[in-house]
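Engineer: First, the structure itself, so that you have it in front of you.
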């Protein structure tokens with residue numbers, strides 16, 4: 001803190017004391033029309049600027065009234081670059097007597113996690129092996145080539161068509177994991193190169209939208225398994241998840257579907273329909289409504305390429321049915337892999353945990369093997385990925401032992417399962433939540 005005024009000619013202008021705030025005051029500013037947050041004890045008013053936030057206003061708004069230091073560091077690999085956007089938003093700092101953390105968060109866990117991240121940086125675990133990602137892209141292109149050659153050489157009979165569909169579904173699933181890498185800025189040092197290649201992979205190779213994915217997925221990472229903040233647990237009344245939601249639905253006598261049978265109808269409307277119906281419709285509408293013309297152009301380039309390639313073999317209607325069959329196959333792969341790490345964990349309302357604890361509560365791992373790594377796009381290391389979202393996936397296994405040690409030190413459970421058990425736990429979790437709903441519906 002400096003003092004005001006000058007002391008004669010040539011004297012340096014002294015700093016004006018910065019306003020200080022208590023957590024009680026900061027936590028009042030957590031509304032859509034009034035948003036403050038804290039980063040490294042500095043208080044920022046993001047109310048107006050949040051609409052310009054590249055990651056979307058929702059993800060940054062989820063931290064209104066809270067300390068966002070670790071989330072800010074996790075999402076932004078170039079802190080110096082993004083820091084310049086914060087300067088005009090600075091309105092003060094935490095009062096000296098205030099702790100650095102809000103809601104009584106465990107400062108020791110926070111300190112140890114930050115030390116762990118520094119260790120990861122010292123081990124060069126945020127450094128990319130570009131050959132690894134080039135090989136991933138090459139094998140996706142190779143799969144697409146094999147698919148075309150199969151139908152070209154063997155014709156459009158049922159067997160060649162099924163083989164081609166499964167090969168293309170595999171390439172789509174793998175492209176989904178690859179776009180995830182670029183979307184998290186985990187490949188190139190410069191964000192703009194990640195953004196450009198992300199649009200190519202998700203747009204031209206998959207026909208989807210980078211902006212749609214960013215705004216949805218970053219919310220999931222910021223507040224995993226938190227109702228009204230994580231869009232991945234917004235099931236549109238089709239399923240009830242965790243323990244809190246089914247009991248609330250039961251008490252309120254909400255019965256949009258027979259939730260006590262959700263572990264059974266999951267097989268009919270979960271894996272088969274998410275991508276070909278819900279995501280495909282939502283992505284197209286989002287690009288049009290929000291005027292994401294660049295994303296739309298990339299997506300159109302995918303559809304042009306697909307139909308130019310396969311209409312000669314199947315005709316227009318046949319190619320359209322073929323496309324949706326591929327989406328149908330890919331959807332099964334995507335749903336089972338993405339749900340095995342989260343849906344089985346705690347799903348609840350906001351509990352205001354520190355970054356490390358919140359990610360461990362909402363995520364679990366699947367055992368490592370060459371197949372598991374490839375099949376899941378290394379999302380079998382979901383814990384490490386959530387803790388360090390910008391870390392290249394080929395390094396996640398290297399930091400895992402240190403994460404386990406930190407969990408053991410603080411008595412936090414580190415869950416790791418065989419692949420088959422992880423998949424079966426999805427059904428067990430849905431069955432458990434369904435029973436909770438039925439009990440509350442009948443007796444509370």
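Placement of Cβ uses the backbone N, Cα and C atoms for every residue, glycine included.
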Engineer: Could you confirm whether, in Swiss-Prot, the topological domain containing residue 255 has the same name as the one containing residue 153, so that both are on the same side of the membrane?
Structural biologist: no
Engineer: Motif 'Histidine box-2' per Swiss-Prot: which of the ranges 212-216, 217-221, 222-226 is that?
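Structural biologist: Of 212-216, 217-221, 222-226, Swiss-Prot gives motif 'Histidine box-2' for 217-221.
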Engineer: Across the topological domain 'Cytoplasmic' (1-131), what are the DSSP residue counts per state (helix, strand, coil)?
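Structural biologist: For the topological domain 'Cytoplasmic' (1-131), the helix, strand and coil counts are 49 helix, 20 strand, 62 coil.
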Engineer: Tally the residues of the motif 'Histidine box-1' (180-184) by DSSP class, grouping H, G and I as helix, E and B as strand, and everything else as coil.
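Structural biologist: Going by DSSP assignments, the motif 'Histidine box-1' (180-184) contains 4 helix, 0 strand, 1 coil.
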Engineer: Cβ under 8 Å, sequence separation of at least 6 from the ends of the transmembrane segment (132-152): give me the contacting residues as numbers and ranges.
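Structural biologist: Residues 160-161, 163-164, 167-168, 170-171, 174-175, 177-178, 181, 187, 201, 205, 309-310, 313, 392, 394.
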